[in-house]
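Reviewing the structure listed below.
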Amino acid sequence: MTTDTIVAQATAPGRGGVGIIRISGDKATDVAMAVLGHLPKPRYADYCDFKNASGQVIDQGIALFFKGPNSFTGEDVLELQGHGGQIVLDMLIKRVLEVEGIRIAKPGEFSEQAFMNDKLDLTQAEAIADLIDATSEQAAKSALQSLQGEFSKEVHELVDQVTHLRLYVEAAIDFPDEEVDFLSDGKIANALYKIIDKLSAVQASAKQGSIIREGMKVVIAGRPNAGKSSLLNALAGKESAIVTEIAGTTRDVLREHIHLDGMPLHIIDTAGLRDTTDTVEQIGIERAWNEINSADRVLFMVDGTTTDAVDPHDIWPDFINRLPANLGVTVVRNKADLTGENLAMTEEKGYSVYRISAKTGLGVEELKQHLKSLMGYKSNLEGGFIARRRHLEALDVAASHLQLGKEQLEIYLAGELLAEELRMAQLALSEITGRFTSDDLLGKIFSSFCIGK
């Protein structure tokens with residue numbers, strides 16, 4: 001861990017009402033004496049002059065001193081809050097750098113110091129960046145939940161439960177009770193099942209939190225002239241795609257990024273899927289399948305005037321059979337204004353079926369509500385946390401090891417192998433909060449922060 005004293009502008013570059021310079025480290029007191037002529041009383045606002053080396057006043061403003069470890073970084077911290085002109089702030093930083101042992105902070109280094117000094121865990125540190133980068137009110141609320149430790153609490157509880165069970169298994173192996181077969185008495189199995197259930201619940205919440213942060217990717221797919229581009233326009237609320245009666249008008253991927261009541265949604269319109277000898281259209285269809293394979297959800301667009309079927313396996317079995325196994329599909333029967341179909345949503349063999357008219361807007365609002373529900377709109381209003389892709393990956397790894405441990409217990413009664421799977425699950429979960437995390441990962445995470453944070 002670095003012992004350098006660092007300085008950076010904590011407010012956005014440019015012109016503003018207030019500009020803040022932040023200093024953290026052992027030399028913060030030296031900076032105070034050099035620039036202010038005195039050390040402010042800790043945690044009190046001190047209005048004073050900010051002076052250069054010749055004693056001339058650079059600016060006037062508020063100085064705040066926080067004595068470590070009772071500060072954001074856990075070190076001595078000095079904040080100089082002056083006027084928000086960039087020239088003035090640059091002069092002030094230049095003056096601070098004249099004090100021996102001070103350097104410019106790297107992106108995210110203040111938060112990194114807070115993490116290294118146990119003021120924050122890694123999920124809380126990441127939540128700071130997510131709160132700053134939030135693109136919707138819901139994302140900001142969820143990031144704040146993570147910053148306040150909601151996600152960390154869930155992960156710590158899982159780590160504690162896995163660790164406790166692992167220690168119990170290892171102790172039972174080392175000190176066996178000859179009268180009781182601890183692997184088959186049900187206690188370990190019950191404890192393991194409870195952990196797996198809790199992890200599954202956390203995974204579901206984290207997936208919703210990831211959607212809040214990164215958005216849900218929804219691909220509109222189907223045969224040519226089914227109304228895919230019209231639906232894109234209806235969902236986006238503007239004419240993003242060209243719509244004609246000519247089949248195959250859309251030949252490339254079109255993207256729109258919208259928010260549904262604060263929930264980010266990435267809508268992808270694709271070329272109509274069919275056999276064709278047209279080289280350009282073939283490229284568009286190949287790109288369409290690439291988008292489908294990486295989607296969170298597919299809206300299977302069906303021209304309602306061509307078939308009465310509602311089961312996608314009856315409508316186009318080859319298309320459904322080619323989709324990734326775990327990809328969710330919503331069937332959208334279009335042109336209800338022509339077919340006269342009831343707009344009510346129905347469930348058909350596990351698939352949600354919506355009847356709409358993308359041209360007139362009939363049923364589109366109900367489809368939007370469906371997409372909001374898929375993104376966990378209600379649960380996130382009630383207070384969900386935000387999550388990143390690396391969190392989901394770590395949870396998946398932990399779940400995989402717990403399932404392998406379950407097999408070792410149920411099939412082979414292999415205590416040593418169960419203990420090893422529990423250890424691996426513990427390590428995967430601990431990576432989320434940063435207890436066991438490589439320096440490379442830490443560098444990647446904090447380098448994405450803004451300077452001064």
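In case you wondered, yes, glycine gets a Cβ from its N, Cα and C as well.
Annotated features, as they stand in Swiss-Prot:
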BINDING   R22, E79, K119, K453  (6S)-5-formyl-5,6,7,8-tetrahydrofolate binding site
BINDING   N225, T244, I246, T249  K(+) binding site
BINDING   225-230, 244-250, 269-272, 334-337  GTP binding site
BINDING   S229, T250  Mg(2+) binding site
DOMAIN    215-376  domain 'TrmE-type G'
What is the nearest of the binding-site residues R22, K119, K335 to S229 (Mg(2+) binding site), using the Cα of each?
K335
Measuring Cα to Cα, how far is R22 ((6S)-5-formyl-5,6,7,8-tetrahydrofolate binding site) from K228 (GTP binding site) in Å?
52
Of the binding-site residues listed (N225, S229), the greatest number of other CB atoms within 10 A surrounds the CB of S229
Sort out for me which one of R22, E79, K119, K228, K335 has the most neighbouring CB atoms within 10 A, since those are the binding-site residues we care about.
K228
Can you tell me whether DSSP puts N225 (K(+) binding site) in helix, strand or coil?
coil
Work out how many Å separate A271 (GTP binding site) and E79 ((6S)-5-formyl-5,6,7,8-tetrahydrofolate binding site) at their Cα atoms, rounded off.
55
Distance, K119 ((6S)-5-formyl-5,6,7,8-tetrahydrofolate binding site) to K335 (GTP binding site) (CA atoms, angstrom)
57
